[in-house]
Amino acid sequence: MYFLSGWPKRLLCAPRSPAEAPLHVQSDPRRAFFAVLAPARLSIWYSRPSVLIVTYKEPAKSSTQFGSYKQAEWRPDSTMIAVSTANGYILFFHITSSRGDKYLYEPVYPKGSPQMKGIPHFKEEHCAPALNLEMKKILDLQAPIMSLQSVLEDLLVATSDGLLHLIHWEGMTNGRKAINLSTVPFSVDLQSSRVGSFLGFADVHIKDMEYCATLDGFAVVFNDGKVGFITPVSSRFTAEQLHGVWPQDVIDGTCVAVNNKYRLMAFGCASGCVQVYTIDNTTGAMLLSHKLELTAKQYPDIWNKTGAVKLIRWSPDNSAVIVTWEYGGLSLWSVFGAQLICTLGGDFAYRSDGTKKDPLKINSMSWGAEGYHLWVISGLGSQHTQIETDLRSTVKEPSILLFQFIKSVLTVNPCMSNQEQVLLQGEDRLYLNCGEASQAQNPKYSSARAERMPRHEKSPFADGGLEAPGLSTLLGHRHWHVVQISSTYLESNWPIRFSAIDKLGQNIAVAGKFGFAHYSLLTKKWKLFGNITQEQNMIVTGGLAWWDDFMVLACYNLSDCQEELRIYLRTSNLDNAFAHVTKAPMETLLLSVFRDMVVVFRADCSICLYSIERKSDGSNTTASVQVLQEVSMSRYIPHPFLVVSVTLTSVSTENGISLKMPQQARDAESIMLNLAGQLIMMQRDRSGPQIREKDSHPNQRKLLPFCPPVVLAQSVENVWTTCRANKQKRHLLEALWLSCGGAGMKVWLPLFPRDHRKPHSFLSQRIMLPFHINIYPLAVLFEDALVLGAVNDTLLYDSLYTRSSAREQLEVLFPFCVVERTSQIYLHHILRQLLVRNLGEQALLLAQSCAALPYFPHVLELMLHEVLEEEATSREPIPDPLLPTVAKFITEFPLFLQTVVHCARKTEYALWNYLFAAVGNPKDLFEECLMAQDLDTAASYLIILQNMEVPAVSRQHATLLFNTALEQGKWDLCRHMIRFLKAIGSGESETPPSTPTSQEPSSSGGFEFFRNRSISLSQSAENVPPGKFGLQKTLSMPTGPSGKRWSKDSECAENMYIDMMLWRHARRLLEEVRLKDLGCFAAQLGFELISWLCKERTRAARVDNFVVALKRLHKDFLWPLPIIPASSISSPFKNGKCRAVGEQMLKSQSADPFITPEMDAGISNIQRSQSWLSNIGPTHRDTDRASSPGPQMQDAFLSPLSNKGDECSIGSATDLTESSSVVDGDWTMVDENFSTLSLTQSELEHISMELASKGPHKSQVQLRYLLHIFMEAGCLDWCVVIGLILRESSVVSQLLGIAQSSEMDGEMLQNIKSGLQAVDRWASTDCPGYKPFLNIIKPQLQKLSEITEELVQPDTFQPVTVGKTPEQTSPRAEENRGSCSHGSISQSEPGSNNVVSRKEEDTTQADEEEPLQDGAYDCSVS
């Protein structure tokens, strides 16, 4: 449709006196010239360029006689202008060219420029002509002239004495008498008796009138406010032959404008609304079609303060109407009442500082060529508001403004390829939506489709230039792809009249005054006619369309005076030699393409179907056209100009199931004709004998005749249908989509029986469903259930002009207008309409076919929300509520629980009871979420329960959710649940918490330990670091002053309740040997792990089975079991050849079976200083830097492996850089030694095997921290298990030191001893890789055994089972409460002990380099 663009322009015509101020503008029939009236002046302006050509100035003496000029009317051939004056005179001016071939303005080109050579009519078209104005005739009608209208070769004039004068353009009445309106009979319709009521008042006269050619009559407004339509009942224009009809409910008419294409009469009223009437074809009565009025909802401040409607003007293509009011303002509407623009609100009405502007007052306006410009005579400021004195400047004086518009190509060229793309055309540029529709909506579909496409057909936005990653391409941003029309073509062919885009959105064709040109988005180039004479000899009359690589256009050949249908190939030169030309008997008005058929509508009201076929003749590719069928529509179409669009479709009243052959469902089943807003369908007559199609060629077969037309809908502006087929989405692809202006949209939907059962004969097979949308539709994405459109947006720049003198600038008075893309989902409207009509089965089939759309959950939510809002807020009881039906419908989908709770969260609390009465008890829905493991949705239901139930119920359900979240490791949710439980206990549960984010927490894999990291859950949540706990939506919790009101008793009780749940979970994790989960749990929730382990040292924190624990840790931390290298028997490390290298390479392992005791002692000393304590200092940062991929480069040593099937082939030499914990100094040693030593294959193999026996670097960091934690807590048996995995002999040495220096529990030492013995037995039988390390620590084990025998009596060597008492009865929960209630959360400062965060960059690569356990376990650590 029409959209404002940029700022308006002001033409330079500053009046020197009030007599020179412009007051009226009127365009000629071709809209190339504009007559501008001042009180004593007549000026002629040219449209492009917008320049003044000639001015006639009335002498003072005659000006006093005639009075000031009032109105102007052009003769149809633009050779004369009639001007009415205030004293009842009509002045006839002749327009003549001055002195032959002279031009007022000529473009100057350099010599030899191609523009000067051989362009026919170049000067006429491209130069402003020099004209003369000469007054030829003066006619005195002796009464003030109210209106004058050009009717064919006559001028119809209405005067204030109630007379109608029919005057010839030469200024003569030809003896015809004036008609007295009081003698014209009026009635409500033409079927009433011939003698109707008369006006009957002597002072009644016509105030405004306009002739309607397609209705053959005049729409009139009388001075008493009544409106009517006067039509001659025969060809003679006399009082006896005129009859009038009027609507009885309009008494405040002010002005009128007529739409010839849609046969509409728009009457402006004093109330500020516009009433649009049409004529009933059968009775002749005036029927109200629709109203154009501002609503209080959209414009609460101004809707009833606009004053009377002052002017109404229909656009040149009759698809839009512009309205202005007495107190100022401008509004633009589509033909059937969809509002497009209004300047009484938003940035048009308010400055950036919030102050109100005076609305623009308009005295006169007229549309320019093709509707690209609106010429406006602006008046003085608003009359009913105080005018600021400093604004009395030139802008407040009457001036000529040019508003610029861009419009949809559907207004003039509604061919099918234009219906699936949004294409707007401006005066010199085109706007199209980026990307292919199907590709942008469905990336998977688009990629598959792109693979099937030939290379030359792929969209430029799919590969190469611009990318279409998904929905964002078509919907996610507001920008257009702007194509500048070739200036060479525009120079001689302005204005652009038609545009068309192909189905893939790659090629665009435009047609102006002569010829046409096309543009490729792939090559970014225009292609024009090489022979300019061929271009200038062709006028495109009926539009143009794309068929594959061909342009199909209907044109008039000027040289042969012949109507033609031409087809040009895109890839060949633009020349008539490569065109296929078919002569046509009559002028073609409309053209469209359906599959391999072309349908044209001609001026004789006939429709002709052509078949089009590609033909290859050697290197030349052409297309041939054959006539298939002609259909005469003259019986049904009163005037050919009334046809808005003609379309071939496969749509019929019977859906594809009931047709006799499947081919018929894809054929051109019917013709859709938009006749002045009435959608008429003619489908093929299949009642008679069918034609066999087996043997006949499809282009030569005889086609079935068409049935008589059937009216499908009224007030139709645009029609969308597709020729594609998709079995999964038949409802959407076989439907017919209609745009009905202010009434919204309609869809003619097919109804299919379930499972292809035979349909019932008494059931309709299609249904028309109306629905409202908030945008003006320009394209329908059938498979994606989306409507695309465009909307005007505004940008204020008045803040840039601060000087008072600059406040008169147009940039200050008007905002800058831009056009933005927009879209809307319509699926929920259709589903609702089907449910209203008890067609739930059809609604379910339709919804299931669209369930894969990414916004389908939003569709269900929208439907539920709209029905809930309407029914729950209704003032009157609803006899048959729809909400239960909608609720039952949504339960058919797995998204039911999310849909309900999201709808509730976006709805007022007062409506919840009504909602849950229909969908079910929120407690039951919460439990369903828990059963389905949908914890985020359950958390949302918890907020509902908090507001609808007592705190005890909320606590019960919150506890269930908390325990489940703990088990699943949803740490963000756990944190929110802790706060939520505290809020309930604090008595502040009235505050409705908000939903946690539904996304997966990013920190679910890792844990962060700090040196003093224990966090007391007894503290308030204000201390929680915002970076760690802050989310977009959080469960609410009292903060600030309200937190101080908590009683200490309730705080202690709540904290105890929460701590008991945390202790229980930690105990379960430890008993199930889930150390990694325990570490994540403690780090994420700030659990006091060390203090808790101290209490559980001899109970839950005791290792019962060392072998099982060892296996589980290997599995959880992706740590490979140790292996014995194949070449270990002849290892180079037995001699001292590689002693330096060996020392450095084995620092991190210190457990090689061939290391001497002296080496072992040295290495253990290094390890003791670099184990966990160094990991949290600067040294470990260096380790990270060395072992993580960084800017510094390190060598990777590769060696061929001797036995590919052997277990040792798992190791990779690249593990050296990914998994090793060698520090920077060690790398220097390695590089130096390896550069000087020549290692054999067996030596490299040995190093590789050693590296292969280590796990990921991150796992190593985590295990060392856990080792540190257990050591601090005194859980020495767990220390031994972790030390075994890391093969740290220093752990056993430390254990010995502790056992010797302090009194240790004998049971623990005995447990360690028996556990190590069990590991030794397991290693002997199942894992010999552990044997070398066990041999290394054998002396320490022997010493440990001696200490054990000293501490423990012989009778205590029996197996001991430690009882695990439940925490409910254990005094442990209370005995150390004081120690658990202090501490603070450590902020993650730059210098703090947060190591894991520094290691994050290594995560991916370290894990990828562990092929042993690849894909077996999840090791995502944040």
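Placement of Cβ uses the backbone N, Cα and C atoms for every residue, glycine included.
Of the candidate ranges 442-462, 610-630, 652-672, 1156-1176, Swiss-Prot annotates residues 442-462 with the feature region 'Disordered'. What Swiss-Prot records as phosphothreonine, among THR995, THR1365, is residue THR995. Swiss-Prot lists region 'Disordered' at one of the ranges 99-118, 679-698, 1179-1198, namely 1179-1198. When you go through THR231, THR991 in Swiss-Prot, the residue listed as phosphothreonine is THR991.
Among residues of the same chain six or more beyond the repeat 'WD 2' (304-343), those with a C-beta under 8 A of the stretch's C-beta atoms are 1-4, 31, 252, 254-262, 264, 266, 268-274, 276, 289-292, 294, 296, 298, 349, 358-362, 364-367, 369-371, 374, 379, 382-384, 407, 411-412, 677, 715-717, 740-743, 776, 792.
Each residue of the repeat 'WD 1' (64-103) gets a DSSP state, and the totals for helix, strand and coil are 3 helix, 22 strand, 15 coil.
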